[in-house]
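Below you will find the structure I want to go over with you.
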Amino acid sequence: MQNPLRRPTGNASTGNTSTRTPDVERNKNDDGGYLAKDVRGHLVAMSGEFVGTVMFLFFAFAATQVANTLPAPTGPNLDQLMFISLAFGFSLAVTAWVFYRISGGLFNPAVTLGMVITGTLPALRGLLLFPPQMLGGMVAAALVSCMFPGPLAVETGLAPGVSSAQGVFIEMFLTAELVFTVLMLAAEKTKATFIAPVGIGLALFVAELAGVFFTGGSLNPTRSFGPCVVNRNFQRYHWIYWIGPFLGALISGGYYKFVKYNNYEEANPGQDDSHHPQDTDGKHH
């Protein structure tokens, strides 16, 4: 006999009296949140990419500001180049390691493009990460400009005698090296993925050693765009810091897809094994 104090739910005409979850309950997540899970994920990733980009570029810009306070009179100053390269490489390694599980720790539209075209990052997520990355670069440059004395001296620029065409190719090849490192160490899931930020930071360090003197070593549209906005000064060749890195991302993404399509794991098998090959009797070779 039905409890007269309990109102039946469901379709009375069909006799279905099962208890129905109210719409407000069905729209809630398991943890009680009302935002859809994927929306919350995008928002968290966007916030992580913004904060991470600010942290990465703030420390890199701050060190560059210090290094450029007393510029070399002529030619490259090797100590200065090493200082800037270390600042960018280590800053990226630390911040990427911190934010890897939040947003992926990209901080770079060129890296984002490389991951989107290879299918390792959804296109929607990549599109949503672009505005926080650009805003983060501007905020980082503004913070350094406000906190350190003197004019902001972290803009990327071509060295005397370097043409725009040369600048594009330098930025393209250096970015290709960085993006391919990200794809192979972070996008590819192996037993060493957890230390991928170290390799990525070292890749940026090596690229900066080669590129800082000739182009400023951008490898990242955000890195060049932010200081230009703060200083309200865009060089006539500013476009190379967009075209070069994006071309580099396309090159590395294309090669990554080539080796993946041809099962690169079979070319040099056993690289991710955690033990030595053994004979059938259990002895090592």
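Keep in mind that glycine also has a Cβ here, set from the backbone N, Cα and C atoms.
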Pick from 14-36, 106-128: which range has transmembrane segment per TrEMBL?
106-128
Same chain only, please: residues at least 6 beyond the ends of the transmembrane segment (50-69) with a C-beta under 8 Å from a C-beta of the stretch. Say none if there are none.
80, 83-84, 86-88, 91-92, 95-96, 98-99, 102-103, 105, 107, 132-133, 135-137, 139-141, 143-144, 147-148, 150, 152-154, 222-223, 226-227
Taking a Cβ cut-off under 8 Å, which residues six or more beyond the ends of the transmembrane segment (106-128) line up next to it in the same chain?
42, 45-46, 49, 52-53, 56-57, 92, 95-96, 134, 136, 175, 178-180, 182-183, 187, 219-223, 245-246, 248-250, 252-254, 256-257, 260
Which residues of the same chain, at least 6 past either end of the transmembrane segment (239-256), have a Cβ under 8 Å from a Cβ in it?
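Same-chain contacts beyond the ends: 108-111, 113-115, 117-118, 156, 158, 164, 167-180, 183-184, 187, 215, 218-221, 223-225.
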What same-chain residues lie close to the transmembrane segment (81-100): Cβ under 8 Å, and 6 or more beyond its ends?
48-49, 51-52, 55-57, 59-60, 62-64, 66-67, 107, 186, 196-198, 200-206, 208-209, 212-213, 217
